[in-house]
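Annotated features in TrEMBL:
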REPEAT    81-113  repeat 'ANK'
REPEAT    114-146  repeat 'ANK'
REPEAT    146-178  repeat 'ANK'
REPEAT    211-243  repeat 'ANK'
REPEAT    335-368  repeat 'TPR'
TRANSMEM  374-395  transmembrane segment
Amino acid sequence: MEPPGFPKAFLDAAFLGNVEVIERLIAEVEKVDGKISYATLKTPEEGCNALHLAAAQGRTQMCRDLIRNLKFHDINASDDSGRTPLIQAVLWKHRRTVDFLIDNGADVTKGTLKGYTPSHCAAEKGSKELIQLLISKGADLNAFAEPGTPLHCAAAHGSFEAVKYLLDLRADPNSLSLVYMSPLLLSMLANSLECMELLLKAGADPDTPAGDTTPLCYAASEPNEKMIHILLKAGADPDRIDCLFSYAFFIENLTLVSVRVQQPLEHAALIGATEVVKVLFPVTSRITCYPDWSIGGVMQYVRSGKASAQRKIKQKLIFDWGKGKSCVALEPRWVKAHFREGAAWKVLKKYDKAAEAFSRALALDPGNKEIEKAYGMFAFCLVTRYILMTGMHLVNVTRPAVRMLNRLENNEFVAEYFVGKEDALV
């Protein structure tokens with residue numbers, strides 16, 4: 001057993017790159033116990049070993065000594081968050097240390113617990129040099145993690161050179177992160193007009209909904225006239241609604257686009273951005289619910305009690321659906337996520353979509369007592385859909401349909417089953 005205080009002294013010396021102190025500590029402890037595994041000594045806060053600490057400080061010679069003399073054989077060891085020594089070196093842009101670690105077997109593709117790879121880190125730091133090195137050593141240009149791809153990271157930090165280099169290598173400008181953020185919107189959040197223009201020139205869709213908004217809705221709500229002009233020049237649609245509250249992005253053929261919440265013009269009007277309203281008004285199609293279609297009329301109506309009440313109702317309906325759908329995207333095996341999605345579709349009277357969602361929930365876990373209601377709701381949605389399609393009276397269809405549903409093994413049943421099966425129902 002090492003003497004009291006040895007682990008901290010050893011790790012501190014590695015952090016500072018003090019080879020002499022390391023040698024003295026080792027000599028002292030080996031007099032008592034020569035079987036210490038130095039690589040297992042870690043900081044209590046983050047679980048970093050000496051190699052992590054040395055790499056983070058760019059102590060290349062210390063890294064060399066730890067690997068060659070102290071048997072730090074696992075050069076890809078992870079700390080508590082999954083960071084490797086290579087990730088530490090990249091985060092602090094220590095090129096020599098990065099070179100040394102890669103030359104000694106560091107894995108350029110190994111990421112953190114959230115999938116954050118060395119190339120994500122290099123992009124975040126805006127280091128074209130390190131991105132170039134990592135990709136030349138086999139790093140994935142489009143490696144996907146919680147924050148997205150390296151391009152997302154570069155755009156989020158307004159790193160012009162990194163964004164340009166990644167786009168030159170054909171990184172996808174339209175990919176979405178796990179929280180549905182696009183590189184374009186991230187560059188806007190970073191207030192980088194230069195990165196915006198790079199992304200749009202490379203083919204970024206100016207209308208792709210991202211996160212809780214669209215690019216033009218975000219620019220209007222800031223308000224930022226320069227961003228608005230850039231987006232309109234790139235072909236952004238001023239009639240496109242925001243998607244917080246609609247999540248139309250997830251719906252096939254935008255079937256919920258009729259459940260309108262707010263357009264860019266309305267975002268600007270809500271915050272009293274008259275100059276932005278003047279820019280957007282001439283290019284926005286008339287919104288039928290506005291009694292006075294003029295700049296003054298828009299400014300007045302959008303803040304009226306009637307308009308506010310309409311927005312709240314629509315936001316509640318569609319956000320409930322979007323919440324369930326987001327859960328499904330993140331946890332596709334979570335039964336309740338499918339159930340919640342189905343319940344929201346039912347409220348919106350999209351019975352085919354609701355039936356499909358309930359069917360998935362039942363198929364995942366037929367015996368789950370917490371979603372017993374799914375059986376009845378599933379049957380209701382199937383029957384209602386069929387009635388709407390055929391005009392059949394409810395009395396003629398409900399009981400046979402429920403009996404058929406109960407006979408289905410594992411409840412694997414889809415809405416299409418009823419189509420063309422009138423004889424089996426009556």
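Using the three backbone atoms N, Cα and C, a Cβ is placed for every residue, glycine included.
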Reported mean pLDDT - the repeat 'ANK' (114-146): 95
Three-state composition of the repeat 'ANK' (146-178), taking helix and strand from DSSP: 16 helix, 1 strand, 16 coil
Structural state census, the repeat 'ANK' (211-243) (DSSP three-state): 16 helix, 1 strand, 16 coil
